[in-house]
Amino acid sequence: MTQDELKQAVARAAIAYVVENEIIGVGTGSTANFFIDELARIKHRIKGTVASSEATAARLRGHGIAVFDLNDVAEMAVYIDGADEIDHSGAMIKGGGAALTREKIVASVAKQFVCIADGSKLVDVMGRFPLPVEVIPMARAAVARALVKLGGTPQLRLKPGTQEAFVTDNGGYLLDVAGLSITEPKALEEKINQIVGVIAVGLFAARGADVCLLGTAEGVKTLKF
Ligand code: 5RP
């Protein structure tokens, strides 16, 4: 099976976690896009969604699915999203698609976090995928220096094909931090959160996944944390 077929399989399996007549939190990225396309088939069975990025909101609306402002939503049954890496405790690296801050906010409101990922994303120790950190633009260099002290090698994310900084939906910049071996994800998340100028870190450990639907050649495996 190709990676896209594995992503499609987990996206389809995630439909079983959609709670009828409720608001569903929807992530960002290629796996989340497959999920949105599956969700469109049962859109009449949900109240609506909250999107974790402008791109996700546009895709949901394109399917005629209602998108609510998070400020108008008091409760959310489930949040469904992909990951760049997930470990055996359900902690994740996210933000390869640049939406980490809104993903973290939407996930924090949801009762259950369902991660959908192809099998290549499951790792023993996270950090091979550079850890995204969203920062206030004027704090870029100061935060980068603090991340170097933590043992990482931060690199400013650029708009593809340019030398200009990539700008997130929130007006932030992204530092992709290579060289970290994340053996204590909660402790590292807490440390990076404390650096002044950080908007959010793409380490989802304090609030990790409750369930991971993992696409493998033998079928979709369900991991519970
Ligand atoms: C976006 C994310 C994505 O969930 C993550 O990058 C995985 O993406 P994909 O499903 O395309 O592999 O965190 O900010």
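Note that Cβ sites are derived from N, Cα and C of the backbone, with glycine treated the same way.
The annotation in TrEMBL ties Thr28, Gly29, Ser30, Thr31, Asp81, Gly82, Ala83, Asp84, Lys94, Gly95, Gly96, Gly97 to substrate, and of the candidates under consideration, Lys47, Lys111, Lys121, the one tied to the same site is Lys121. The two recorded residues, Asp81 (substrate binding site) and Glu103 (active site, proton acceptor), show a Cα separation of 8 Å. Under the DSSP three-state reduction, Asp81 (substrate binding site) is assigned to strand. Per the record's binding annotation for substrate, residues Thr28, Gly29, Ser30, Thr31, Asp81, Gly82, Ala83, Asp84, Lys94, Gly95, Gly96, Gly97, Lys121 show a top Cα-Cα distance of 16 Å. Taking Ala83, Lys94, Gly96 as the binding-site residues under consideration, the smallest Cα distance to Glu103 (active site, proton acceptor) is found for Lys94. When the neighbouring Cβ atoms lying within 10 Å are counted for each of the binding-site residues (Lys94, Lys121), the highest count belongs to Lys94.
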